[in-house]
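Per TrEMBL, these features apply:
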type	residues	note
DOMAIN	277-375	domain 'PH'
REGION	406-431	region 'Disordered'
COMPBIAS	413-431	compositional bias 'Polar residues'
REGION	461-482	region 'Disordered'
DOMAIN	490-605	domain 'PID'
Amino acid sequence: MPAVDKLLLEEALQDSPQTRSLLSVFEEDAGTLTEYTNQLLQAMQRVYGAQNEMCLATQQLSKQLLAYEKQHFALGKGDEEVISTLHYFSKVVDELNVLHSELAKQLADTMILPIIQFREKDLTEVSTLKDLFGLASTEHDVSMAKYSRLPKRKENEKHKAEVAKEVANARRKQHLSSLQYYCALNALQYRKRVAMMEPMLGYTRGQINFFKKGAEMFSKRLDSFLTSVSDMVQSIQGELDAEAEKMRISQQDLISVNESVYTPDSDVTSPAINRNLIQKAGYLNLRNKTGLVTTTWERLYFFTQGGNLMCQPRGAVAGGLIQDLDNCSVMAVDCEDRRYCFQITTPTGKTGITLQAESRKEYEEWICAINNISRQIYLTDNPEAAAIKLNQTALQAVTPITSFAKKHEAHHSSQNVKNTDNGKTTPSESAGIQDSTQLIALGTPIQFDIVLPATEFLDQNRGGRRANPFGESEDGSKDEQEDSLLQQMFVVRFLGSMAVQSDNTSEVIYEAMRQVLAARAIHNIFRMTESHLMVTSKNLRLIDTQTQVTRASFELATVTQFAAHQDNKRLIGFVVHLRETPGEESMSAYVFESNTEGEKICYAISLGKEIAEAQKDPEALAQLMKSVPFTNDGKFVLLNDQSEEDGATREGEESEA
């Protein structure tokens, strides 16, 4: 017999949309079989009860036997022999029609009973298991939704354990019901063939045994055919028994797995995380806004395909595009007191989607996979090797630390915040591209928390004056008046800073960007603090977005290098060169991510330096004021507007800052 399509029991626990889609095909096949079986049984009952109308009954039965071929079973593979056999039986019924007379007892025992047993036992079992599987799936979805809403507070550990146990029980119940349901559907493909041929085998034998004339006319011709049909039925039954035993053993093996398979987030402390993934698939919770302040979460199946993030709901034949991952950024976020949430941001800085994983392992692997895909590693000849090499190279290149207290700091009289390393200062290098070891010493620590929280900064600096985000003067101080020509605000997020050995080339900034981003990816540092970067002709100030308190300030004269990333234009960095005491110098590179192009920030810094230099000479300042256009409020325009629409867009971005 040809091979029979089967549902893989190993995929029952994953319960992916692909498996659900295949399951719907089997369910459709079972529904079609149920309808056909009912029709076939009605025809057989008509033969049983219509002794005086046997000719009409046998004609109807012959038609129903031929109709099996036209049922268009979704899983019709391997039914060719069944169809050909039923065709031959139809011919026999037509020939016996004129001689046929029903023997009620024989027909009831050999024809009606097997098909009724098949319908009431096998088809009813499939229908019952389908209902149980649906209830178990619903219970599992409810428990997963309850588990997803668990807060991160430690005082609820007992409640979390109870919910996790409830999820495990629901998942185990769903797994067991799905295994039983899959086994019944697989077995139905064999029993379907037996149920279709066995009644007709009994019917034909009864007719031949009952009618002597029929036996004399057809016995020699049908003996070999009936024997072959009987052998085929026994062969199918043998295959069914063997397959049932294999499924029983496989079912026992799958049920006897470790408890961690059912329990989400079973290994919270040290999960085995693969950071070299270039493709990923699994269930995530998607955050949807339903109003101005209300949101809903939907559990969907997500998978990556090339540089795209796809989403496939249950029952869908294929997935749909939900996010382009090329050059995007991903970071962890706090969202509605839920755990394991992360957000994908588009290359233009627009917030994309917010997702929630069910465990720490899934959470970190999704972030690493999206980071790898956003770098377009999947386009290389060997993506897996490229991802491994990238992560290994980054791990060897950096040894980051995350504590601000572990680095040397000193406060300048203008509240400058700077980072220094204990190593000696390297001499100036010649112009041109230098080796990375000449730019940044191996093993240089990286600082990720230069920006203090706003509340902590207020406690340390009580009485400090707030900085106005719109550049308006709060008092008539001389410093504010001097800076009135240039006050540009940008929204930035601090990525990291580190000591450098040279400030003669912008390559030191690119190298610092590479090491900071690599260190963040390797050590799972995804959170970033958003601030306002105020560029004036005297200094660069980082201002808290909520309190408008100046967190850090750098004198513009100490900024010796500044540049935007060559590929990712939203990355901006600058080098601060400080002379602490005679003979002692320190140079530190600071890396930020902005909502606008980094070139605009570089232009603003360059313009600030020109203004600072021109202020020393009134004639030069006047010449500069003539060459650079002004805004309506008497301040310098950063970039020449290409069109009125572009100008309105940039003005809107600065207003948001």
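Glycine is treated like the rest: Cβ placed from N, Cα and C.
No curator has checked TrEMBL annotations; they are predicted automatically.
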Secondary structure composition of the domain 'PID' (490-605) [DSSP: H/G/I, E/B, coil]:
27 helix, 59 strand, 30 coil
Restricting attention to the domain 'PH' (277-375), give the mean pLDDT.
88
For the domain 'PH' (277-375), how many residues does DSSP put in helix, in strand and in coil?
15 helix, 47 strand, 37 coil
